[in-house]
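Taken verbatim from TrEMBL:
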type	residues	note
ACT_SITE	225	active site
ACT_SITE	278	active site
COILED	73-100	coiled coil
DOMAIN	1-89	domain 'Pyrin'
DOMAIN	148-282	domain 'Caspase family p20'
DOMAIN	299-384	domain 'Caspase family p10'
């Protein structure tokens, strides 16, 4: 409020005595319809600072706007425009402070009754412009000036041949992640209940999509049961069982299908892989005492990947049959509230930090998401809403 008073005083000082009296007359007679006039007894002064102070007390939220309108009524259009621009600058500065302030809830564990927000917090044009201007060499540049473009692949195995392997709650993860990806500007290709071979074909076919030529990034999201075979992470197909133990898909193949050799359209573009699946059978806790690209130049065979997985190697992943997986709950919550100001690696760090402190995972039962095979060489911002 002190800043508003200063700006109004600074601009209104250009009024001569006669014009200041006209300004006061406006305030006493109602600047415009719906604005309550200030009693004359309160404005029986020619001191500008007293006038401004009286306005701020009478109109704590709208003093600046009312001053602009009063100046326009007096045909002082140049002063009105000047004050209006100054007020806009202050408002933008305040909004930016709010965006960048550490919200206490951002780092708190998700509650058991968590529901996703109605919308993603939008990034400001000022933040995006400043970032792409000042840090353009350290940031993946969007191909579109107005909207981040790309395709996303979402695979979700819910029902298995062995009914005891069914994943209730996974449909909620699918709904939440599809909503989030579309809100971020991605077109979403979905597949449900695939075998290991079908997952491989879906990823391979996705890598051939022509749309990647004009995209600036991509997401691959896979939800299923998982395990480790030959010391490698595997996603189980819906036909996996004792008599069909080879129905699985190696996570490694995602990198192979989307690398520079097999998917040149995504060279130098971020490729984000999100996987919710067990990576073994351990609980995670341990007792410790006392403590479109065509070029003749050489490129890296594999670069610009980041794979974020729901658990550490050899550790189980957990899912709530009513609310979905804890992993995707945290992803949606953090992306929704914080993607407007943080790059994706910081978002992942915040997700892991909140999962680490979740009180539902105590003693032997522990869950911590982790980054695997990160080769992002720049900061990847999603710029939601722009």
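One is the number of the first residue shown, and numbering goes on along the chain from there.
Cβ from N, Cα, C; glycine included.
The Cβ neighbour count for residue 225 (active site), using a 10 Å radius and every protein chain shown, is 20.
Spacing of residue 278 (active site) relative to residue 225 (active site) is 6 Å (Cα to Cα, whole number). Cβ neighbour count for residue 278 (active site): 21 (other Cβ atoms within 10 Å of its Cβ, all protein chains included). Averaged across the coiled coil (73-100), the predicted model reaches a pLDDT of 77. Counting residues per DSSP class in helix, strand and coil order gives 26 helix, 15 strand, 45 coil for the domain 'Caspase family p10' (299-384).
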